[in-house]
Amino acid sequence: MNFEGKLVGKDLKIAIVVSRFNDFITTRLLEGAKDTLIRHEVEDTNIDVAYVPGAFEIPLVAKKLAQKGEYDAVITLGCVIRGATSHYDYVCNEVAKGVSKANDISDTPVIFGVLTTESIEQAVERAGTKAGNKGSEAAVSAIEMANLIKQIN
């Protein structure tokens, strides 16, 4: 038997956790995610958005939403841009670990859509210009994973 998630969002309920820090980027990621979900037939009323202060706070809220059992997938969106200190490394590592742990505690897929870039230019490129929109890509992954989990269950 083969399992493959379809890219049809009809009847899916999706939560998005988005960081307000670097909102000039995260707003574009959110727009890309919502647009993609709607284009794949997810009803606007089935998309809930939770705003958190920064990327570090994303995993806790993603975990709580996944544990509720009300959503078919949770998308995480944020942007961490390297600065002059090691703060970047700690935040990136902890956010990635936290989102991974959120996947371990529920049957709800939690999708990692947090940009970790070396520069503002790289972030802008990944938020809807040269390198596409990573929010949109995260939405496609969420739809596919939600449908895949439904098939397996």
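Backbone N, Cα and C atoms are what each Cβ position is placed from, and that goes for glycine too.
Some features that Swiss-Prot has for this protein:
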type     : residues                                : note
ACT_SITE : H87                                     : active site, proton donor
BINDING  : F21, A55, F56, E57, C79, V80, I81, F112 : 5-amino-6-(D-ribitylamino)uracil binding site
BINDING  : A84, T85, R126                          : (2S)-2-hydroxy-3-oxobutyl phosphate binding site
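Feature map: annotations from Swiss-Prot on the structure.
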residue : record                                           : Cβ neighbours (10 Å)
F21     : 5-amino-6-(D-ribitylamino)uracil binding site    : 17
F56     : 5-amino-6-(D-ribitylamino)uracil binding site    : 18
C79     : 5-amino-6-(D-ribitylamino)uracil binding site    : 28
V80     : 5-amino-6-(D-ribitylamino)uracil binding site    : 24
I81     : 5-amino-6-(D-ribitylamino)uracil binding site    : 17
A84     : (2S)-2-hydroxy-3-oxobutyl phosphate binding site : 6
T85     : (2S)-2-hydroxy-3-oxobutyl phosphate binding site : 8
H87     : active site, proton donor                        : 11
F112    : 5-amino-6-(D-ribitylamino)uracil binding site    : 21
R126    : (2S)-2-hydroxy-3-oxobutyl phosphate binding site : 23
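DSSP assigns V80 (5-amino-6-(D-ribitylamino)uracil binding site) to a strand segment in the three-state reduction.
Taking each of the binding-site residues A55, E57 in turn and counting other Cβ atoms within 10 Å of its Cβ gives the largest count for A55. Nearest by CA distance to F56 (5-amino-6-(D-ribitylamino)uracil binding site), out of the binding-site residues A84, T85, R126, is T85. Rounded to a whole value, the Cα-Cα separation of F21 (5-amino-6-(D-ribitylamino)uracil binding site) and A84 ((2S)-2-hydroxy-3-oxobutyl phosphate binding site) is 17 Å.
The secondary structure of F112 (5-amino-6-(D-ribitylamino)uracil binding site), as reduced to three states from DSSP, is extended strand. Comparing CA positions across the recorded positions A84, T85, H87, R126, the one lying closest to A55 (5-amino-6-(D-ribitylamino)uracil binding site) turns out to be H87. Distances between the Cα of C79 (5-amino-6-(D-ribitylamino)uracil binding site) and those of the recorded positions T85, H87, R126 are shortest for R126. Candidate recorded positions: A84, T85, H87, R126. Nearest to F112 (5-amino-6-(D-ribitylamino)uracil binding site) by Cα distance: R126. Between H87 (active site, proton donor) and V80 (5-amino-6-(D-ribitylamino)uracil binding site), the C-alpha separation comes to 10 Å.
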